[in-house]
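Record features, source Swiss-Prot:
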type     : residues : note
SIGNAL   : 1-20     : signal peptide
DISULFID : C45-C60  : disulfide bond
DISULFID : C52-C69  : disulfide bond
DISULFID : C59-C85  : disulfide bond
DISULFID : C71-C83  : disulfide bond
Amino acid sequence: MMKVLVVVALLVTLISYSSSEGIGDLEADELLSLMANEQTRAKACTPRYYDCSHDRHSCCRSSMFKDVCTCFYPEGGDNKEVCTCQQPKHLKYMEKATDKIKNLFG
């Protein structure tokens, strides 16, 4: 019974707040114009197998998951760390399985 009263009180509060002047008087046209003027904030992503050492969170997304910036030391005596965007194997297998299931069911 107490849960019902809490939910009802919450709904009444939300409805009264949404109908009040607290939200503002933005009309649909004004809101659409604001959205049209909004600039894209996302910077260009780093493609798979390209260097991501400048920004380790800039890797692009695959069809389902975001690639991960993986750093390693290459063989050959050079102690310089190399970072590239790569897809983890478990995510690669999950994408392949999902694609096969989609192909089976249409």
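Note that Cβ sites are derived from N, Cα and C of the backbone, with glycine treated the same way.
Among the disulfide-bonded residues C45, C69, C71, C83, the ones whose Cα is located within 10 Å of the Cα of C59 (disulfide bond) are C45, C69.
Of all the disulfide-bonded residues given, namely C45, C52, C60, C85, those whose Cα is no farther than the 10 Å limit from the Cα of C71 (disulfide bond) are C52, C85. Of all the disulfide-bonded residues listed here (C52, C59, C69), it is C69 whose C-beta has the fewest other C-beta atoms within 10 angstroms. Rounded to a whole number, the C-alpha distance linking C60 (disulfide bond) with C52 (disulfide bond) is 10 angstrom.
For the pair C52 (disulfide bond) and C85 (disulfide bond), the C-alpha distance works out to 6 angstrom. Across the fold, the C-alpha of C69 (disulfide bond) and the C-alpha of C85 (disulfide bond) stand 4 Å from each other.
The two recorded residues C85 (disulfide bond) and C45 (disulfide bond) have their Cα atoms spaced 10 Å from each other. With a 10 A radius on its CB, C45 (disulfide bond) counts 17 other CB atoms from all the protein chains.
The candidate set comprises the disulfide-bonded residues C60, C71, C83, C85. Of these, C85 has the most other Cβ atoms within 10 Å.
In this structure the alpha carbons, written CA, of C83 (disulfide bond) and C45 (disulfide bond) are 14 Å apart.
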